[in-house]
Amino acid sequence: MPRTGIAASAGKRPACGSDSILFPWEVAGVLMWQRFSFGEKIVLLLGLFFWLAFSIYAAPVFGGTDTFLFRDAACNLLHGQGFSTASFEHSHSFRPLLYASYTPLTQWTFLIFAALWHCRPATATLYNFVIAIAIDLAVLGLIVRRMQPGLMRTVAIVLIAVTLPVGYMGIQAERPEYITFLLLLLLLIALRSPLPLGRLVGCSIIASLAFLAEPIGGVFGSALIGGAIVLGRNGLQRKSVGGVVSRLAISAIAFLIPIGIVVGVYQHKDHASVARFIHQAKVGGLSRKETDDGRIHSADLNNGSVAPTDETHRLGAADKYVDALRFIKALGPLQEGVELSAMIVVLIWLVLLVRSKGNRWSIAALAFAGLVLFVAVFGVFPLQPNYLVLTRSLFPFVLLFDWAGCRGALRTEKVIEIVTVLNLIVLLPGLLLVSLMRLEGRESYLVAQKQVALLKSYLTSHTAQNNVVLAPSTHYYLYKEAFPNLYNPSYLSSQHDMSQVVAIANCDTASPFFIPGTKPLPEGVNPTKFKLFDSGSPSVSVTLLHRKLMSKNWTWSCDLYVSKSLEKPQ
C-alpha cells in the first residue's frame with residue numbers, strides 16, 4: 001500500500017493545500033533536506049557555519065531578566081543543593097526552598113545540557129542554539145509544504161539562515177516559550193489525524209507537558225484539543241453531544257494525571273510549595289502590582305500561608321492595560337516593534353475572519369483559534385508580551401496543519417506564507433543589535449572571566465566561596481559555576497540577612513553608567529560594609545559604522561566588592 005507524506009513522490013513537492021501528512025521524522029531528517037534545491041542548501045549551510053563560527057569568536061549572549069527563575073534550581077541540583085533556589089521574588093531569605101516559582105519542565109530540559117557541560121556561558125549558548133535549530137526545522141518543514149520555488153520561498157530561506165540563532169521567535173532563550181512552541185507544534189501534528197482513544201490520551205499528555213513548561217501552554221494545548229473534539233470533522237458534525245462530552249472528559253483526565261503526579265511529589269517534599277507557586281503566579285503573571293515587598297514574609301511562605309492582607313492592591317481593568325503599555329514602552333523600541341508585529345498578525349486574523357468562506361464549522365474553528373491565541377492572551381495577560389510572540393509564531397502552523405478544519409475558511413492560503421515571513425523579518429533589528437553587542441563585548445568578556453577567577457581565589461583563601469554572592473541575571477552563567485550560592489540583587493528586601501553576603505558583582509551592563517566604580521550598590525546594601533576589590537574595564541558601546549546605536553553600557557566586566565568582615569581576624 002503506498003505511503004502518504006512528503007516521501008510519497010520523491011522530487012515532487014505536494015501541491016499547495018495538499019492534505020498529505022508531514023511526518024515528524026521527515027521534518028527533521030534527510031527526506032526534508034532533499035526537498036531543497038542546491039542553492040537553498042548552500043544558503044542554509046552557510047548560515048549554520050557562519051553562526052557557529054560567530055558563537056565561538058564573539059562573547060556569549062547576556063542572561064535575560066528571567067535567568068534565575070528558569071535556571072537556578074537546575075544548576076543548584078548539579079551543585080548538590082537539590083532542586084531548590086533562594087533567588088525568587090518575595091523570598092526574603094537566602095535559604096533555598098524547593099523550586100516552586102514556576103512549572104519545572106524548562107529547568108529539566110536545560111538540566112540535560114548542564115549535566116554534561118555545567119552551568120557555563122558556553123552551555124547556555126549551545127542549548128539556545130540547539131533549541132533554535134529545532135524550531136527552525138519546523139519552519140523549514142512549513143516552507144517545504146507551502147512555498148513554491150520563487151521569490152517568497154527564497155526570501156524565507158535566506159531569513160531562516162540569517163536568523164538561525166534566535167529560532168523564529170526571538171524571545172529570551174531562558175524563557176519557556178521555545179519548549180512550549182515545540183510541544184504545541186507536536187500537538188498540532190498529532191491533531192491532524194482522527195482521534196481514537198490512544199491518540200486522544202497521547203495528545204492530552206502533550207498538552208500536560210506544555211502546562212509543565214508554562215501554564216499558559218497547557219491552556220493553549222487544552223483549547224486546541226477541546227476545539228478539535230468539538231469543532232473538528234469528527235466532532236459535533238458527526239457525533240452526539242454525549243460522545244463529544246465523554247471524549248472531553250477523557251482528555252481532561254489524561255491532561256490532569258501528569259500534573260497531579262508532579263503536584264503530589266511537590267507537596268510530599270514541601271507542603272508549602274504549591275502555595276508558593278500560586279502566589280508567584282499572581283504576582284508575576286496576572287498582576288505585577290498585586291503585592292509589595294513587605295506584604296508576605298518568609299515565615300508565611302514556609303508554613304504555606306500566602307493569603308494577601310487587606311492592603312493588597314489589585315489593578316483595575318483599565319489600569320492593567322495602561323500599565324502594560326508603560327511596561328512595553330520601558331523595554332524600548334525593539335520590544336515595541338515585536339509587539340507591533342504581533343498586532344499585525346492579530347489584524348490579519350480579523351481580516352481572515354471577516355472575509356471567511358466555507359461551512360460554519362470551519363469559520364467557528366478559525367474564530368475560536370484567534371480568540372484563544374490572541375484575544376484571551378491580551379485580555380488576561382497584557383503584562384506578558386512573550387505570550388503574544390508565542391501565539392503569533394504558532395498561528396501559521398495552526399493554519400498549515402488545518403487544525404479543526406479552520407483552513408477551509410480561508411479565501412487564500414497565501415496568508416500562511418505571509419505571516420511566516422513577517423515573523424522572520426521582525427527578528428532582524430534585535431538580532432543585529434545583539435550580534436553587535438556580542439562583538440563589541442568580546443574583550444570585556446575576557447576581562448570578566450579573569451575577574452571571576454580573581455574573586456574566587458580571594459574568597460577561597462578566606463573560606464567564603466560558598467557564602468552568598470550577589471550578581472545580576474545578565475551575568476548568571478559567568479558567576480554561577482564559581483559561586484554556587486549566587487543571588488539576584490533585584491530580589492533583595494529589608495528582611496534579608498545581609499551579613500551572609502560576602503561579595504557583590506556590581507555590573508554596569510544595561511545601565512547608563514560608563515565610568516567604572518560610579519554605579520551605586522544595589523538597593524538594600526549598606527555601602528559602608530563593603531570595599532571595592534576590583535574595578536571594571538572601560539565601557540562598551542554598541543556601534544555601527546562608528547555611530548552609537550544604544551545609549552547604555554554593555555560591558556561584561558563589573559565592579560567587584562567584598563565584605564569588610566572578611567578582613568577581621570579569624
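Every residue, even glycine, has its Cβ placed from backbone N, Cα and C.
In TrEMBL, annotation is done automatically, which means it is predicted and not curated.
What TrEMBL says about this one:
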TRANSMEM  42-62  transmembrane segment
TRANSMEM  97-117  transmembrane segment
TRANSMEM  124-144  transmembrane segment
TRANSMEM  150-171  transmembrane segment
TRANSMEM  178-195  transmembrane segment
TRANSMEM  207-232  transmembrane segment
TRANSMEM  244-266  transmembrane segment
TRANSMEM  337-354  transmembrane segment
TRANSMEM  361-381  transmembrane segment
TRANSMEM  387-406  transmembrane segment
TRANSMEM  418-437  transmembrane segment
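Sequence-distant neighbours of the transmembrane segment (207-232) (same chain, 6+ residues past either end, Cβ-Cβ under 8 Å): 102-106, 176-177, 179-180, 183-184, 187-188, 191, 195, 200, 244, 247-248, 251-252, 254-259, 262, 281, 285, 361, 364-365, 368-369, 372-373, 377, 381, 384, 387, 390-391, 394, 398, 403-405.
Long-range neighbours of the transmembrane segment (244-266) within the same chain, counting only residues 6 or more positions beyond its ends whose Cβ lies under 8 Å from a Cβ of the stretch, are 98, 100, 104, 195, 197, 200-201, 203-205, 207-209, 211-212, 218, 221-222, 225-226, 229-230, 235-236, 273-274, 277. With Cβ pairs under 8 Å as the measure, the transmembrane segment (418-437) is packed most heavily against 337-354, out of 42-62, 97-117, 337-354, 361-381. Listed by sequence, the residues of this chain that lie at least six past the ends of the transmembrane segment (178-195) yet keep a Cβ under 8 A from its Cβ atoms are 21-22, 24, 105-106, 109, 131-132, 134-135, 138, 167, 169, 171, 202-203, 206-207, 209-210, 213-214, 216-217, 220-221, 224-225, 228-229, 232, 234, 247, 390, 393-394, 397-398, 401-404. Using a Cβ-Cβ cut-off under 8 Å and counting only residues 6 or more beyond its ends in the same chain, the transmembrane segment (361-381) has close neighbours at 216, 219-220, 223-224, 227, 231-233, 235, 237, 285-286, 345-346, 349-350, 352-353, 387-388, 391, 394-395, 398, 403-410.
Looking at 42-62, 150-171, 337-354, 387-406, the range that has the most CB pairs within less than 8 A of the transmembrane segment (124-144) turns out to be 150-171. Distant neighbours of the transmembrane segment (150-171): 36, 40, 43-44, 46-48, 51, 54-55, 128-129, 131-136, 138-140, 143, 177-178, 181, 338, 386, 389-390, 393, 417, 420-421, 423-428, 430-431, 434; these residues of the same chain sit at least 6 beyond its ends, with a Cβ under 8 Å from one of its Cβ atoms. Within the chain, the transmembrane segment (42-62) has long-range Cβ neighbours (under 8 A, six or more residues past its boundaries) at 36, 121-122, 124-125, 128-129, 140, 157-158, 160-162, 164-165, 173, 434-435, 437-439, 441-442, 444-445, 474-475, 477, 509-510, 554, 556.
Tertiary proximity for the transmembrane segment (387-406) is limited to same-chain residues at least six positions away from its ends with a CB under 8 Å from its CB atoms, namely 19, 22, 138, 142, 145-146, 168-171, 177, 180-181, 184-185, 188-189, 191-192, 216, 220, 224, 227-228, 231-233, 235, 338-339, 341-342, 345-346, 349, 361-362, 365-366, 368-369, 373-374, 377-378, 381, 413, 415-416, 419-420, 423.
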